[in-house]
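Over in TrEMBL, the protein carries these features:
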- R21: site 'Transition state stabilizer' (SITE)
- K28: site 'Transition state stabilizer' (SITE)
- R159: site 'Positions MEP for the nucleophilic attack' (SITE)
- K218: site 'Positions MEP for the nucleophilic attack' (SITE)
Amino acid sequence: MTGDTATRAVAVVLAGGVGARLGAGRPKQLLEVGGRPILAHAIAAFDGHPDVAEVLVVMAAGHVREAAALAAPFRKATGVIEGGATRTASTAAALAALADRPDDTPVLFHDAARPFVDRAVIDRTLAALADHDAVAVGVPCSDTVVAVRDGRVADMPPRSSLVRFQTPQGFRLGTIRKAYELALADPDLVATDDCGVVHRYLPDVPIRVVEGSERNLKVTHPLDLVLAEHLAQQTAQQTAEQTAADPSESA
Ligand SMILES: Nc1ccn([C@@H]2O[C@H](COP(=O)(O)OP(=O)(O)OP(=O)(O)O)[C@@H](O)[C@H]2O)c(=O)n1
Ligand SMILES: C[C@](O)(CO)[C@H](O)COP(=O)(O)O
């Protein structure tokens with residue numbers, strides 16, 4: 001979709017984490033897969049999307065200069081700011097940096113740790129934002145998922161009703177701003193994603209769910225890095241084969 005609203009979209013790449021579960025000794029978004037830092041893959045996905053006007057990177061403290069150097073070649077990367085101690089604090093930092101933007105601005109929040117988000121997933125998120133104020137990206141669950149309390153199964157939602165959320169998550173800026181205003185005033189705020197903040201603090205706002213992709217994995221644990229390297233090589237090979245078949249496509 002290329003429309004008036006979509007052309008003004010701002011993509012926020014959240015890279016404020018330290019990668020404790022991966023345990024590489026430095027933020028995982030700076031590690032390379034397919035010969036390129038994970039963060040650069042994520043920025044490139046939005047920089048190359050025709051409906052994204054701007055990419056804002058939120059980086060872990062102590063690594064802002066490194067991220068700025070990495071973002072410099074991307075035409076739409078307009079800023080690299082320091083994140084907070086939690087993912088929600090990093091989102092809040094991005095919202096503060098976008099304080100002068102109109103409420104109807106479409107904004108996409110994406111995990112830097114998801115390097116293989118593709119054009120189709122971004123398209124679906126932006127298209128759904130045309131008639132929703134909040135959009136999530138999800139994929140079906142292949143495992144049975146249960147809620148456990150005190151070591152016992154407490155709830156067993158039907159698997160067919162469950163999806164696993166990915167990013168990007170898209171919002172009208174005014175909606176996510178309002179949700180965060182309420183959330184930041186709550187001393188008990190705990191959230192693992194931005195749709196969760198909208199769901200909790202603005203329960204009347206419907207959150208549209210669109211189809212994600214199994215390739216849009218989040219590099220979280222060491223095994224994910226192995227899979228990410230494999231996917232990066234597979235993508236490079238496919239691109240090379242397509243270019244060989246139709247050289248005009250690479251122009
Ligand atoms: N304070 C934080 C924490 C996380 N993130 C970002 O949110 C995304 C998803 O978070 P996660 O996978 O948990 O990354 P880390 O926090 O780095 O990982 P860990 O929890 O293992 O430390 C990542 O791109 C991460 O950089 C962020 O911007 N600011
Ligand atoms: C936003 C997210 O990627 C959706 O699955 C996820 O909740 C991030 O969680 P993390 O613990 O910050 O990786």
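Every residue gets a Cβ built from N, Cα and C, even glycine.
Here the features listed in TrEMBL are placed on the structure.
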residue: R21; record: site 'Transition state stabilizer'; CB count, 10 Å: 12
residue: K28; record: site 'Transition state stabilizer'; CB count, 10 Å: 28
residue: R159; record: site 'Positions MEP for the nucleophilic attack'; CB count, 10 Å: 14
residue: K218; record: site 'Positions MEP for the nucleophilic attack'; CB count, 10 Å: 17
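Selection of the recorded sites R21, K28, R159, K218 by a Cβ distance under 6 Å from ligand 2 yields, in sequence order, K218. R159 (site 'Positions MEP for the nucleophilic attack') falls within a helix when secondary structure is assigned with DSSP. Following the DSSP three-state reduction, the secondary structure of R21 (site 'Transition state stabilizer') is coil.
A gap of 11 Å separates the Cα atoms of K218 (site 'Positions MEP for the nucleophilic attack') and K28 (site 'Transition state stabilizer'). When the alpha carbons of R159 (site 'Positions MEP for the nucleophilic attack') and K28 (site 'Transition state stabilizer') are compared, the span between them is 31 angstrom. With respect to their backbone Cα atoms, K28 (site 'Transition state stabilizer') and R21 (site 'Transition state stabilizer') stand 9 Å from each other.
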